[in-house]
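J.: Mind having a look at this structure? Questions to follow.
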Amino acid sequence: MTMAKTTKKTPQKTSTKSVKAKPESHAADVSASVKQILENVRPTPMIHNGLTNEEKIERITEKFTDIMNTLGLDLKDDSLRETPKRVAKMYVNEVFGGLDPKKFPKMTVIDNKMNYDQMIVVQSIGCLSFCEHHFLPIDGFATVAYIPNKKVIGLSKINRIVQYFSRRPQVQERLTKQIADCLQYILDTEHIAVHINAKHYCVMMRGIEDTSSTTSTSDLRGHFKSRMETREEFLEHCRTKY
Ligand SMILES: [Zn+2]
């Protein structure tokens, strides 16, 4: 099954400069299969403001200029001049790219003709996200496993799913569950396990200022939840570092 992107675009006149009442980028340009996947993943709290990515970059540049001016930084300085635009582009195109369904990775699953019936584990997946409470990085590793039913997925696709949902303002609990929801739907198996261990820069740089503690979250489903030996085997993979 290939979730191909559609190239169908809704033609838009650009005569009005104000925010247009068009469907949010969510609805336009996104293939039916991606929409269906995302409808089966618990949502990030969002409003559909109808802004294009270009409009978002323009607005964030203005607002970030205000923030820097308010902090008393001299935006005429050649090192600081481009920072608001740089931050705006980074938010929209990179670190929060996972808010844009058009950036959902292409998913390919294949039939499990080999009848593989043991767990498949991808461990030590680099997992960089942003805490939605402080807008500071979350830096950790994810370990993801599943026991296939009728389908298996290309291994790098699991890394891409972790990356897509990481590129949102997050709490680690929701990130863990969104990855599990997504895989459960795509692979059509309830036997899914996701574990994340991460450092939160908002814990390290402010507040308690603890630079060594880490946070672990997990979502164990199906056999990973109910069968002690499957659970133990998975958690052993989480403890082993390569
Ligand atoms: Zn935080």
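Any Cβ shown, glycine's included, is placed from N, Cα and C.
TrEMBL lists these features:
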type	residues	note
BINDING	Cys131, His134, Cys202	Zn(2+) binding site
COMPBIAS	1-11	compositional bias 'Basic residues'
DOMAIN	61-238	domain 'GTP cyclohydrolase I'
REGION	1-31	region 'Disordered'
J.: Hey, for the Zn(2+) site built from Cys131, His134, Cys202, who else sits with CB inside 8 A of the CB center?
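T.: Going along the sequence, the neighbours come out as Phe130, Glu132, His133, Phe135, Leu136, Ile138, His200, Tyr201, Val203, Arg206.
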J.: Among all the protein chains here, how many other CB atoms are within 10 A of the CB of His134 (Zn(2+) binding site)?
T.: 16
J.: Restricting attention to the domain 'GTP cyclohydrolase I' (61-238), give the mean pLDDT.
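T.: For the domain 'GTP cyclohydrolase I' (61-238), the model's average pLDDT rounds to 97.
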J.: Reduce the DSSP letter at Cys202 (Zn(2+) binding site) to three states and note it down.
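T.: Assignment for Cys202 (Zn(2+) binding site) reads helix.
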J.: Using DSSP with the three-state reduction, classify Cys131 (Zn(2+) binding site) as helix, strand or coil.
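T.: Where Cys131 (Zn(2+) binding site) sits, the three-state DSSP reduction gives strand.
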J.: Name, in the order they occur in the sequence, the residues of the same chain whose CB lies under 8 A from the CB of Cys202 (Zn(2+) binding site) and which sit 6 or more residues away.
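T.: Residues satisfying the criterion: Cys131, His133, His134, Leu136.
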J.: Taking the Cβ of Cys131 (Zn(2+) binding site) as the centre, count every other Cβ atom within 10 Å, in any protein chain shown.
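T.: Its Cβ shell of radius 10 Å holds 18 other Cβ atoms.
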